[in-house]
Amino acid sequence: MKTCNLTDRMKVKMIMLLFQILAISTLQSDSAYIPDRYTQENVAVRGKATQSALASGGGAVLSLPGYAIDGNRDSDSSHGSCSHTTNGPNPWWRVDLLQVYTIASVTITNRGDCCGERITGAHILIGNSLENNGINNPQCSTVGIMTAGETRTFHCSRPMIGRYVTVYLPKTEYLQLCEVEVNALLPAN
């Protein structure tokens, strides 16, 4: 009996991933369609978050990057449920999902107690590279105008494969995220 070496295992994983991509290729970007034999699950809660900078001053303890993946959509920043960067050029926030997933959409809850317009123009990027803090990864969607406290799902034009999801704001501004949900397609049991 032949034993599999690491190379063979990687080949099998890649083939399984390709079959998964083919199986979900009918996913529509403007719908919540989930293919048969698949479920959609927020995998961000399993990950580790980081961001370009922490808000300074007395509020820093209330602005950790992990607060945006704690499963809590509370949009009041003073409750310790939102991430918050400093006001600087090109802020970013990123979650490492700790493994590669097929991602259909990303759901963002905007800050509700103030400043809802700050997130306008943010890019949602998905991929496997940490180059330039994940900013070079392919784009899933762009955040348009969101009202304070709004929760909105951004569908990728096609399912995307990646380990890292980055929210990048290409301007000088604060980046505030009260919840980021990464909706991955997983085979149903």
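Glycine residues also receive a Cβ, built from the backbone N, Cα and C atoms like all the rest.
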Per Swiss-Prot, which of Ser52, Ser81, Ser83 sits in the Ca(2+) site along with Asp70, Asn72, Cys178, Glu179? Ser81
Name the cysteine that pairs with Cys115 in a disulphide bond per Swiss-Prot, restricting the answer to Cys114, Cys140. Cys114
State, in Å as a whole number, the widest CA to CA span among the alpha-L-fucose-binding residues His84, Arg111, Arg118 given in the record. 11
Suppose we draw a 10 Å sphere around the Cβ of Cys156 (disulfide bond). How many other Cβ atoms does it contain, all chains included? 20
Taking the Cβ of Arg118 (alpha-L-fucose binding site) as the centre, count every other Cβ atom within 10 Å, in any protein chain shown. 21
What's the number of neighbouring CB atoms sitting within 10 A of the CB on Arg111 (alpha-L-fucose binding site)? 25
